[in-house]
Each structure stands twice: as C-alpha cells, then as structure tokens.
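First comes the structure, then the notes that go with it.
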Ligand code: NAD
C-alpha cells in the first residue's frame, strides 16, 4: 500500500534527499482566482458579502453573524457528559503546559544609566479560525484559545462555518467548547469570507442585540483551515497578522526493528483519516518491519471507518516508506523531511529524539501516539506543516505576544556613546541621525 523509497547504500546530499522524500502539499495559488473576489467584496461591504458567500459555499444563512449568547448556552447544556469531561481534561492539561510558556520582562543594564528592557505585550484582539467543513474540531478551539488566554489576550473571537443542520450556527460542540473556555464572542462565518471578515470587520446588521452589532477587526488570525482559508490568510496578511499557512497534516515515524508493526500501522492510519492529502511516512532501517507494517495496514485499513479517505492518503505521492541503512541515516531523513508530527519508535527513543532538529512536535516511544497530542497531552496540535518545521514553531503563548524593547538612557549614558552614534550615522550618510544626538548637547546648560 505504501510506496517504497530505498535509500540503503546511498549517501544523498540534502538537496537530493529533499527531492527523493514523499511530499504532497496543496497549490494555494490555484484557488487565488476564487478567493480574491471574496476577500475584496468582504473588505468593501463587510457582513452582507460574508453572509452571501456563506450562503453560496455553506448552503445556509444564519440570522446574524454573531452567535447569540443563548445559542451558546444551549449548546453547552446539550453537550454529552462524557464529551464535556474529556474537553475539560484537554483544557486543563493544555492550560498546565501553556501557562508555563508565559514570558517575563527582561531588563538589561547595558551601561550605568542605560537600560534596555524587553516587555512582552499580548496582541490586542485575536481571531481564532475553527474549521467546520468536513469535520468538527472542538479540540482546535482549545488549541487556539488556551495559548491566547494564557498570553493575556484581552479580546478573542472564534469564527467557524455556519452549519445547515444547526440553523446556520456553528456546530454545537464547537459552541460548547467555546462556552467551557469562557469565550462569548463567536461568529458564524467560515472559509475565505470568514478570514476576510476577521481581518476587515463589519457591522452585524441583522443582530438583534444592538451592543453586539459591531464586528471589530482583529490584529491576528490563527488556526488551521482548508485551502480557501489558507489562500485568504495569504491575501489578508497585509492588514492582519497570521500564524502560518497550514498545509495538510503529516506524520513521520522513525522506527527500528524493536517497534510494533501493528502500532505503527494504526498511527499512520490515524493521521491519514484527516484528509485524502494527509501524509503518512515511515522511515526505518528494517525491511522486515516495513513488510510487517504493510501487512498490518492491509488488515487495519479494511476495518477503519474512513477507509476510502485513508486508502487515498496512504497510496498518494505524499506517503511512503523510506528504507535507510541505520537509525543515524534515518535521523538525517527525518530532519530533511521536517514533519509536522514525528514519532520515534526505536530502542532508546528518548536519546534518539534528543538528536532531532526538525519537527513540529516529537512523540517519544510507544506510549506517546500523535492522537494523544491531538487531544490530551497538554501540548499544542496546531503545528508547522510542509517542511516549515525547519524554521517555524507550533502555536504557543509566544504566538500571541509581541516583544517590545524599552530604551531608557540618561544624559551621561547617551553622552558616553554619542561619538559612536555620530560616526555610524556619518558612515551611513545619514547626518540627521547624528545631529539628533548632537542637538542634545549643543550649548547645553542642563546638568
Ligand atoms: P474549513 O472550515 O477550513 O473550510 C470550510 C469552508 O471552506 C466553508 O465554510 C466554505 O466557505 C469554504 N469552501 C468550501 N468549498 C469552497 C469552494 N469551492 N470555494 C470557495 N470556498 C469554499 O473546513 P474543512 O474544509 O473541513 O478543512 C479543514 C482543514 O483543516 C482540513 O484540511 C484539516 O486537516 C485541517 N485541520 C488541521 C488541524 C491542525 O491542527 N493542523 C486541525 C484541524 C483541522
């Protein structure tokens, strides 16, 4: 089922390795023609355009963009007890991890009388996109909202597509997750029009509740979504910050012959069930293990609920088995691939994991499956895809903070370095810069 790439006995360069590895991805440019008019129309007219496009793409028009408080309360009241318990557990664990990510102001005494501090200021208002096209992701509400709240973001809005089966409001499980997290501003708008409305704002002309009619634009949009959402994020990034352009999900597993083929197969399937474009890649130095995983996949795929989607994802060009000479060579492969999720299923897994450079998140040993990270590890599941883990991080408290330098020099401290500033300003042919310093000391009578 999985294609094989045999790198045994070869020593590819990094460029050759990157070319050889399975990689799919989506062509965001291909939908820009569809998405550009949507973004422009919403930027110009706001809510009416957003609702029109929602009606076209989602087949339903909610009574207002802002979801009434009673609808959110009813969603929580109707939530299954076990699901509510599991969501609370997920929230508590995520809070534990993300509260440890808070940053303190640093204060550096550069010289006597010269101090540079770095303050971490939360983004003022954030829009959190929660997908709602093919599946419902209350876990994504948690993974977006918790780090934003822990960063101290004061104003949060969750946007999610309107659902035909639920009167045009977002899915009740998403609304209930918002309620559990204390988020009371939720917009029933998704896709490109949802991203554009978050970026440009509008007025909720149909909202019954007058104070809620203003839909303020946000300063930053985070959260995963499909190709239309990603294209809109790209188009709106001139007016709003974005976390990343998320591609389809990926799992890579580095395994040796100590790994359990049945476990590996189920972990490869678990990510493949997200999307036909999802990537599942096994890197191993054991051809016997690769054969056993193939056999386990045959059995497990036949029994899994979303077998068609899984089969398409596993047999796509983005998935495969990479055979290497040893774990050392496997480490080079997983670093070149830079997976969103990387499992290490080898002997001494923690030591091997310690040597990985590039991965969105690393799952160590047989008892840390990616599904644990998707829901209840406490870690964040919004992670860099398409190889961007070489330079990017997953969502965290840091995503929602801005580092601001505060420069506080007194007269003596400036006087001490004034010559150097003037010299550097002259060297860059910017004498006005030097004059701004000289002006402060020219004929100064200040003591
Ligand atoms: P979505 O909310 O991202 O997109 C649905 C919206 O797409 C609709 O509301 C509609 O407005 C728009 N749309 C649909 N067809 C369109 C068309 N032909 N033209 C213009 N707009 C159109 O939901 P989705 O489609 O289910 O996609 C969710 C994505 O997010 C999946 O790829 C999933 O794997 C990913 N995801 C990633 C993570 C993560 O943490 N990385 C978590 C959850 C989901």
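Cβ coordinates come from backbone N, Cα and C, glycine included.
Cross-referencing 249, 312, 399 against the substrate binding annotation in TrEMBL, which names 271, 274, 341, 374, 428, 433, picks out 249. Note: residue 340 (active site, proton acceptor) has non-local neighbours 249, 250, 251, 359, 360, 361, 383, 384, 385, 389, i.e. same-chain residues 6+ apart with C-beta under 8 A of its own C-beta. Cβ neighbour density within 10 Å is lowest for 433 among the recorded positions 274, 341, 433.
Cβ atoms within 8 Å of the centroid of the Cβ atoms of 129, 193, 226 (the NAD(+) site) belong to the same-chain residues 131, 159, 161, 190, 191, 192, 194, 195, 225, 228, 229, 232, site residues excluded. When the recorded positions 226, 249, 274, 341, 374, 433 are checked against ligand 1, 226, 249, 274 have a Cβ within less than 6 Å of one of its atoms. Of all the binding-site residues in the list 271, 274, 374, 428, 433, the shortest Cα-Cα distance to residue 193 (NAD(+) binding site) is found for 274.
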